[in-house]
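Colleague: According to Swiss-Prot, the record shows the following:
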- 12-485: domain 'UvrD-like helicase ATP-binding' (DOMAIN)
- A33, A34, A35, G36, S37, G38, K39, T40: ATP binding site (BINDING)
- 497-804: domain 'UvrD-like helicase C-terminal' (DOMAIN)
Amino acid sequence: MIENWPKKPEGSQWTDDQWKAVVANGRDILVAAAAGSGKTAVLVERIIKKIINEENPVDVDRLLVVTFTNAAAQEMKNRIGEALEKVLIDEPGSQHVRKQLSLLNKASISTIHSFCLQVIRGYYYMLDVDPRFRIANQTENELLKEEVLDDILEEEYGIEDNTIFFELVDRYTSDRSDDDLQRMILALHTESRAHPNPEKWLDKLVEAYDVEGKTIEDLVYASYLLEDVKFQLETAEQHIRKATELAMLPDGPAPRIETLQADLALFGTLSAAARESWTSVYEAMQNVSWQTLKRIKKSDYNEDIVKQVDSLRNKAKDEVKKLQEELFSRRPESFLRDFQDMHPVLEKLVQLVKVFTERFQAMKRDKGMVDFTDLEHFCLQILSEQSEDGEMKPSAVALQYRNKFAEVLVDEYQDTNFVQESIIKFVTKDSESEGNLFMVGDVKQSIYRFRLAEPGLFLGKYKRFTQEGLGGGMKIDLAKNFRSRHEVLAGTNFIFKQIMGEEVGEIDYDADAELKLGASYPEGEDVAAELLCIQQTEEVIDGEEGAEVEKAQLEARLMAQRIKAMVDSGYEVYDRKTDSMRPVQYRDFVILLRSMPWAPQIMEELKLQGIPVYADLATGYFEATEVNIMMNVFRVIDNPMQDIPLAAVLRSPIVGLNDEELATLRAHGKKGSFYEVMSSFLKGAPLEEEKELHDKLEWFYNLLQGWREFARQQSLSDLIWKVYGETGYYDFVGGLPAGKQRQANLRVLYDRARQYEATSFRGLFRFLRFIERILERGDDMGTARALGEQEDVVRIMTIHKSKGLEFPVVFVAGLGRRFNTQDLMKRFLLHKDFGFGSQFIDPRKRIKYTTLSQLAIKRKMKMELIAEEMRVLYVALTRAKEKLILIGTVKDATKEMEKWLDAREHSEWLLPDHVRAGASCYLDWIAPSLYRHRDSEMLLELGQGSIPDEIYGYDTSWKVEVVDGNTLLAPEPVQEEKQELLEALREKKAVPLESERKEEVYDRLMWKYRYGEATSHRAKQSVTEIKRNYQSEEGSDNAFIKKLRAPIRTRPRFMEKKGLTYAERGTAVHAVMQHVDLKKPITVEVLQEQIAGMVNKELLTFEQAEEIAVEKVISFFDSDLGKRVLAAKSVEREVPFTMMLAAEEAYQDWQGKSGESILVQGVIDCMIEEEDGITLIDFKTDTIEGKFPGGFEQAKPILEERYKVQLSLYAKALEKSLQHPVKEKCLYFFDGNHVIKVEE
């Protein structure tokens, strides 16, 4: 009970609501945690309190903590570990706390998929699945689906008298392909798998079309649309009421009033019918008749008011006309006939989906693979069984988990789906009033509906639970925001109090939902939120595409100007670490976009202004010239009859034909493919002037034949390396600008092929299809780049990527871009509640029209899209800590402002439903909201009017401005002073310096650098160099300590007889340890075969291969450490890293400025992840035996001391990047098979 909960300690940092969330117990608890409210800290504190509870302590492995990402799970473990270590400092003798620390790595703190995997691994025998299964690659999964579906459809086409199937094909495919039908089957399969019982959902979908003995009033689609009809009639009626008010003004068109009142009476009739039934509305719509407006002499009245009255009435009439045409032009029974006609076709479609699901599951089972939806469904299958009434109930395994888990805690609960909810339900107590489920989230930040997240689960509980938790679950609101300034919070509240409601938005933005100030900031200048609306220029080329390009350019230019001005002026932001204000830096800025198409243009504009910028574009890899050329080579190897790829290869540096030579070749055979023409040309004797062309083509033709033969017999990865080597293309691109990057791109292609070969597919043709599917899904890979915390750049990212992050200054751009409604335009629509909806198509009569189900689903999806976009906007606005700047571009600002002002004097906080539901972009919500605030008066010059005081005078500060696009694109004027200097230079005259700045020029010329000490130390160091800095002078000549890596190259002839150097031998051994296949047996024969392969791939020279002592490599894998490598969960080898390190740590003699950092780079030989943590291994090939009189025991402390700094830096790099401690650091010496565990 509540009275038994621990009281909040005196002076506690926790708010009352946070403390309640930490200690509340005895029932299911839902914590609605607003942005920046410290939910993770609360969650960690709750777990700690449970673990160290004096009366009833809970072991950490008796808690199930479900997070949204693996990174969040690791962060949670780290925080819990740090908190337990602090407790241990106060209670060093506590065996319980020590036990919890030892249990932490085994605790169930993970994503839902990791928990599912744990359940499946433990109870795989209850499923028809190989316990050695692997997680399928997404593209591999797509290709498997394609294969299975092709086989099913081919069978169906081959069945005689398959009438219903061919009816399905006629209705939903084109003359050219059945792609649309395939998309339907796959979409239905995917949607069904988002439900706990996929088959049951599919059956309900068919049942909805069985209308035998039903009237239209019985249909769920009609019931939903009837609510929408009421909404639209109400909107239209509001237009007439507004028109009537205007007509009644002193200079309004009074003769219009009689007609407008008749219109109101008509809407009264229609609305009454809508409250009765569909049939009533249908009949009322047939009798709609509009009175003709009386003629008036417009000069007798205010012309603007007359126009407004007439426009409002026309809008109302258009709303009714739209309803008549869409819904009430057909008799109710005709809609029922559509359902009857489509029922058998839909039944066949669902049957195909079920067959597909069954065969797809079987194929995955045969290949020993599962996907992420399988993990959820397999877990659910283990945790549930069917009751007598056909419903799902907990299985014996589920009951075991219920007994095991004292509490289940779910983070980001708003992003849970139906299947995940069922899994959680089966491992927690049944009763909400006595439950053990603790859920944390913010439904206002639920932005993953496209991943089938279901915010309705959160909303349902939020409405059902009470703050007292009496008779059911308890809800706790964490509304205090500890992230942002008052100006950001009040600005966000002001907008969302007006746009987010239950009818439109799915959530009431009431007093409980409002953000409340929790952070304290010093007084700041220019902290008001801003809305900058850009008026596009008048002349736009290239239609809509050109307009989009210009919008991006305008917004980028404006943001660049603002960022530069803020940095140059020393705009200050608060630094919590120093508890003081400091000048803003580039890394304090972020530009948020709904999606990334504008990002390249924004980056380009910022770079032109000298602003460092970064965006993870994740595109461009396959567009890179070197990758594109190689992909064309592989397309030609697969099928040389493809003209475009072959022409591209012939024209590339690989063959090197110029345009004239290509034309000459084509002239030799105007018919047939390029390949046929090339083959024919090579058979004849060339003319003298064609000899060079002949030689080029003959060289390439012979290579191509060899590659095609090799591709049929050898692995794809070997083929790729063979092509790289025989063409010399890999070395060629290395000599081009950005050569290292180009070679890295080619290595990535090789790695992709290796990954592909690890799947169930083989062969070049399928690999090319594999890549095509990656591109079709839009999964092109960008160049990887790791950003350090200290990198001073402006970041550009999507709003989705920004979730959970915070920045001092936030620009939200592209607010005038239209919402993406493409999903609503599809030929068929799917919905979790309403099932399937498509056009009615009669191929015989060649007619098609919209059905009732399609209209209902489209309307429902539109309202859900509106709600999702509101939540996305909320996430964007709540990322800002100190300054929020909103930017959008419109084509005609005057016209848009008229529209936005339409609801300005609305008497309630919440804007009218039709204004919010009718929005096509974010500006359609933001601008009407801000135009009701006093801070927009300088722009509007309209006065308060009848806007309520609490809205007009709301405690928030805004700057609202319309920016002329022409001024942004105009070139910047050259300053007069600069112009004079330029003129003097052009005429080769002496530059005038008799000015106020003469002394400044002298001072600059005589200036000495303040931090001269820093110039004598390098800003970038390798780990090896730092290690040498720490070595004493006496020991610096011990060559056996030094570890050198050299590039792989053949030794010059004059050195051949001298044998390999120590460094070259070390490099060779390291190369073998990097590339040895750990999945194969480690034997002499296998290793020798792999070393030979490395020589073929030019990873080793012949000389190096001969020097490798294979038995020493085997000795390592026979050692305890080597066996741990083979048994590890994961093994990473030759891991490069860079990190920032305090200069004092790198240089013992550092005398420079405190706080300076240097960039450290290095390569970690090997790291292994085991159940209880990470171990770091560094391989050494130095000669030790015979070097020390006392043997290895004498050498050990010397070697350990010499390498301690090096391994400490490696460990620090790993811990920073992985956010996970390194448990052990090992040196392995091949000479003598020795292991040294390096301690701090």
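Don't overthink the numbers, they just go from 1 along the chain as shown.
For all residues, glycine too, the Cβ spot is worked out from N, Cα and C.
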Colleague: Can you see whether DSSP assigns G36 (ATP binding site) to helix, strand or coil?
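Modeller: In the DSSP reduction, G36 (ATP binding site) maps to coil.
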Colleague: Near the ATP site, what residues other than A33, A34, A35, G36, S37, G38, K39, T40 in the same chain have a C-beta no further than 8 Å from the centroid of the listed C-beta atoms?
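Modeller: So the extra residues in range turn out to be V42, D442, L478, N481, F482.
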Colleague: Express the predicted model's confidence over the domain 'UvrD-like helicase ATP-binding' (12-485) as a mean pLDDT, rounded to an integer.
Modeller: 93
Colleague: Going along the chain, which residues six or more apart from K39 (ATP binding site) have their CB under 8 A from its CB?
Modeller: V31, A33, D411, V440, G441, D442, L478
Colleague: Cβ-Cβ under 8 Å from G36 (ATP binding site), same chain, 6 or more residues apart: which ones?
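Modeller: Long-range Cβ contacts: N481, F482, R483, S484, L515, G518, A519, E806, T878.
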Colleague: For A34 (ATP binding site), what residues in its own chain, 6 or more apart in sequence, show a Cβ-Cβ distance under 8 Å?
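Modeller: For A34 (ATP binding site), the qualifying residues are D442, K444, D477, L478, A479, K480, N481, A513, L515, K516.
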Colleague: Other than its own, how many Cβ atoms are within 10 Å of the Cβ belonging to S37 (ATP binding site)?
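Modeller: Looking across every protein chain shown, the total is 27.
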Colleague: Non-local Cβ contacts of T40 (ATP binding site) (under 8 Å, 6 or more apart, same chain)?
Modeller: E75, M76, R79, D411
Colleague: Could you list the residues of the same chain, at least six apart in sequence, whose Cβ is under 8 A from the Cβ of A35 (ATP binding site)?
Modeller: D442, K444, Q445, N481, R483, L515, Y874, V875, T878
Colleague: Around G38 (ATP binding site), which residues of its chain at least 6 apart sit with Cβ under 8 Å of its Cβ?
Modeller: Q18, L478, F482
